[in-house]
Amino acid sequence: MTDRPSALTTEIAAEQRHVDEVYARLEEVRSGTSAVEAEGHLRAQLGNEGALYERDVLVHNAARRRAALDRGYDGLVFGRLDLRTGEARHIGRLGVLDAKYEPLVVDWRAPAAAPFYRATSEDPLDVVRRRVIHSSGTRVVGLSDDLLDPSAAPEGMAVVGEGALMATLARARGTAMRDIVATIQREQDEAIRAPAAGTTIIEGGPGTGKTAVALHRVAYLLYSDRNRYAGDGVLVLGPSPTFVRYIDQVLPSLGEEGVVLRSLGTMLTGVEATRRDDAALAAVKGGLRIRRVLTRLVWQPAPTAPQRFRAVYGGEVLILDAAALSAARKAARRRGAVPNGSQGQARTALLDALWNVSRGWAEPPEHWEREEFDAEMRERTEFQEFVAAWWPIVDAEQVLRWAADRSRLARSAGSDLTRDEVAALATSFRADGWSVADIALLDEIKALLGKPPRSAARRRRPEDWEMQEIRLSSDRPERAPAPVDEDEEFSLIVVDEAQDLSPMQWRMLGRRGKYASWTLVGDPAQSAWEDAAEATTAMDAAVGTRLRRRYLLTTNYRNSAEIFELAARVLRRWEPGLDLPTAVRKTGAEPSERVVPSGSLPEATRAAARELLDDVEGTVGVVTTARARDEVAGWLEGLGAGRLQVVDSIEAKGLEYDGVVVVEPAGIIGESSAGHRVLYVSLSRATHRLVVLTTDPEWAEPPSDRPRSSEPLSLF
Ligand SMILES: Nc1ncnc2c1ncn2[C@@H]1O[C@H](COP(=O)(O)OP(=O)(O)OP(=O)(O)O)[C@@H](O)[C@H]1O
């Protein structure tokens, strides 16, 4: 036995000294920013407008910097490079300079940090040793070293710890996604640091880090060109509100606030859709055929439009009956570009029609002057009220509710929809609230309706100004994401699970990113959308024809090798030709498949959930069909205390749990025409343990008459 400290202890102590120095410096910087903020408020007391502006700039910048310092505080320094030159370079969530402006820590996004992620033993990029520093709060608790260039290592250079990546992957998962800033892998780093221009497409199988990479890419782009993307210039779109909640702490943990995170159902201000249509109906609502139907629908008369107009002029009675009004409507439509912008044309068409009535008389009144006639009519309240009722300014929700009337919808549908489709759509528009697929329809209708002329441009009201100030000067700014305004344009749009966007949803996004840089992330093998060609065309139209760069991620970091082997085996029965990722982590825990009689399914589900809650430290997910979701949730009532979540197979997209119970896989396959891919999603959610509960022993077998596809897939 020796009392000499181990190499690990000595190295930890050395890193702790550096980390302490960084935190001490950080405190100085923090008090500096508070002083700037205080000065900003002082200037405001001068009271003139210039001083107010200066105050806002000062307070805003200082508050942003301080928020970043707060967020990046824990585990601030996570890496170190020892270079051939003898330089030791520390890498962290933020860059920190000492009082002489020498770097104490380099921001992970700076070019000087790139070798931390890129260096390999084959291509060490002048790095001799790469070190990951594990911390708890401000305390260094462990180190993991890679000696990349042994020939250049100085005498006595210590190499300590286990592989950082494996240690990270083995940890239990919580309810929120974590950043991966300390262990980003080379192929991921290439996608993160891809140039901003044009469209970046990041593909990869389950668990390859696509979501993590997309979020780190946002942080990277904000760092490299903040002026372009700051404010509300960045939109990250995920598949569901559950997913958005799951990822919403990643960017703040990287020191980035103010990015708009949305799901497909919450793209419109004031409308929140969570209901999902069944696959067949969603396909009708998502396909481009419906666009033609909406184009006709918006020009239809409002259901409340009056059918007759009567006025007395110069002692004569003028009447417009239904036929005359219909002709006037057609004339107005010919002249107008968009319905809400055509009330003026409607007015003119009505005046023409009224005048023509008098011309049709056997003895038209000679002394009537057209100009005078028009001027007087326009002034009359009864005429103005008639115009407002006959050609009202409508909003998108009103118009889509019109389509709940089957015969009205059928009139707009022409031959673009079948009778059954019309019936199913009309029924769905009668339901309370909107479905996720409806949001893209509402957005399309809004664009088709256009704006009333001279609509007051959105002016900044004094209250907005006040609100802003409160948010900026609060001690720790609350994350109050700005609602997505339909007119808002983004300069960076990141779409996760992009393989599932319908053509109509692509159109909705395209309207918000005419000049944007796009990052599209997805996996065609997880796609629930059948008509890939139509979605690709719509995506092309949305993102434009600018340069596209593609990145393929090939390693699955989520699933144990045993779990992913099952998921991949099942998918390959349906689509043998697919190229799937490799899972790197073996746990020795094989997934368990249990065939149970249907009467015992509730008890078996409860038992399996209980078993996994005991076995894993982190979260447990129970994944089932949309139809059975609530019932299954009922079976599990009272279990899990916040660690257990029941989701349906579509909701499960993008999520992960330490233990997963998949209930009735055959039902998941049966819920949509690409159901086997949806099941693949469900089977690839678990990090440690997977139990499949089925009443059908043949659940994994495709029907014998189903053609097996061996087509390789690609995302766009
Ligand atoms: N380099 C890495 N270091 C540590 N953990 C990583 C790394 N890359 C990915 N992970 C982890 O792997 C898991 C899967 O990542 P992520 O959810 O981003 O994958 P994905 O490709 O989006 O998956 P899916 O398509 O199945 O939803 C996450 O827990 C993530 O933190």
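Note: Cβ is positioned from N, Cα and C throughout, glycine not excepted.
Record features, source TrEMBL:
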type	residues	note
DOMAIN	183-560	domain 'UvrD-like helicase ATP-binding'
BINDING	Gly204, Gly205, Pro206, Gly207, Thr208, Gly209, Lys210, Thr211	ATP binding site
REGION	457-483	region 'Disordered'
COMPBIAS	461-479	compositional bias 'Basic and acidic residues'
Find the average pLDDT over the domain 'UvrD-like helicase ATP-binding' (183-560) in the predicted model and report it.
88
Consider only the binding-site residues Gly205, Thr208, Thr211: which of them have a Cβ under 6 Å from an atom of ligand 1? Write none if no residue does.
Thr208, Thr211
Let me know how many other Cβ atoms fall within 10 Å of the Cβ of Pro206 (ATP binding site).
28
Env. residues of ATP site, Cβ within 8 Å of mean position of Gly204, Gly205, Pro206, Gly207, Thr208, Gly209, Lys210, Thr211 Cβ:
Asp523, Leu553, Asn556, Tyr557, Arg558, Pro581
Starting from each candidate's C-beta and looking 10 angstroms out, tell me which of the binding-site residues Gly207, Lys210, Thr211 has the most other C-beta atoms.
Gly207
If you count CB neighbours within 10 Å, which one among the binding-site residues Gly205, Gly209 has the smallest count?
Gly209
Quick one: what's DSSP say for Gly204 (ATP binding site), helix, strand or coil?
strand
